[in-house]
Amino acid sequence: MEQLLGELRAAFQAEKDAGFTINNSQDPASFKRLNDRVQLLLKSYTTSNPGGGGDWRRFALFNSTHYVRNLVEANEDFELLVLCWKAGQVSRVHNHAASHCWLAVLDGQMREIQYQRAAPPPGEEAAAAAAAPGGRATDGGGAGDPPGSTVYVEATKSVDMKIGDVGYINDHLALHSVGCYTAPQQLPPSSTGGGGRGDDDGGAHTGGDGDSGWRLEGGVTLHLYSPPIRRVKIYEDNTVSERTPGYYSKGGVRV
Ligand SMILES: [Fe+2]
């Protein structure tokens with residue numbers, strides 16, 4: 001993980017040193033360089049640290065009631081998180097502010113569903129227009145959606161992701177939700193027996209070399225946001241809300 005962090009820091013620093021601002025409206029050539037590099041680094045890390053054997057495991061804390069965000073590193077350029085999803089846990093539809101969002105699957109099987117704005121259903125056009133005085137944004141993101149406004153979205157793409165798969169999204173492309181749609185009974189048999197990893201207790205299950213205490217509880221994903229995201233918009237029940245994303249743990253320690 002330290003090697004990955006070092007190479008990520010260098011990749012972002014190189015673009016800054018060249019005079020580029022890093023966000024979802026970045027210079028296209030600069031973004032292509034960065035995106036190629038980040039995707040390669042994430043792919044390389046995930047495929048060489050698959051499943052419970054990866055050194056990401058000390059960050060991988062789960063919670064029974066909802067997926068959780070575990071912070072690995074935050075700096076002025078990016079934040080890197082390990083998100084843990086028990087079987088059946090799914091995020092709400094959300095945006096990514098002005099940031100880049102990369103995600104890679106570390107363990108389990110995940111699904112990303114992308115969304116675009118949709119026309120109001122027949123009979124609700126007037127109400128939708130009244131609730132969204134600013135009009136509809138033209139891109140896939142949420143820059144123009146004030147909290148409380150009415151926005152209809154529709155799923156336009158579903159991507160099943162396995163270990164080593166890397167995805168990218170920003171507000172110009174789409175909104176999305178991410179989740180582990182695996183049913184508990186579909187998890188590998190070894191994942192259901194033996195206890196060992198409690199949840200909600202905040203313990204960092206570091207294990208030892210060759211330790212077999214890891215049991216797959218659903219899915220684990222690695223997320224890189226640049227710049228770090230301070231506020232996200234949630235699209236639920238045709239209504240926009242805004243929240244400050246929190247952390248379940250930092251550096252493997254429950255907060
Ligand atoms: Fe996301």
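Glycine is treated like the rest: Cβ placed from N, Cα and C.
The model shown is predicted, which means the values in this text are computed figures rather than measured ones.
Annotated Fe cation binding site per TrEMBL: HIS94, HIS96, HIS176, in sequence order. Its own atom aside, the Cβ of HIS96 (Fe cation binding site) has 22 Cβ atoms within 10 angstroms in the protein chains shown. In the three-state DSSP reading, HIS96 (Fe cation binding site) counts as coil.
Taken from TrEMBL, the feature compositional bias 'Low complexity' covers 124-136.
Taken from TrEMBL, the feature region 'Disordered' applies to 117-151 (among others).
Annotated region 'Disordered' per TrEMBL: 184-216 (among others), in sequence order.
In sequence order, LEU175, HIS176, SER177, VAL232, LYS233, ILE234, TYR235 are the residues near HIS94 (Fe cation binding site), counting only same-chain partners six or more apart with C-beta under 8 A. The record gives HIS94, HIS96, HIS176 for Fe cation. Within 8 Å of the mean position of their Cβ atoms, the other Cβ atoms in that chain belong to SER91, VAL93, ASN95, CYS101, ILE169, ASP171, ALA174, LEU175, SER177, VAL232.
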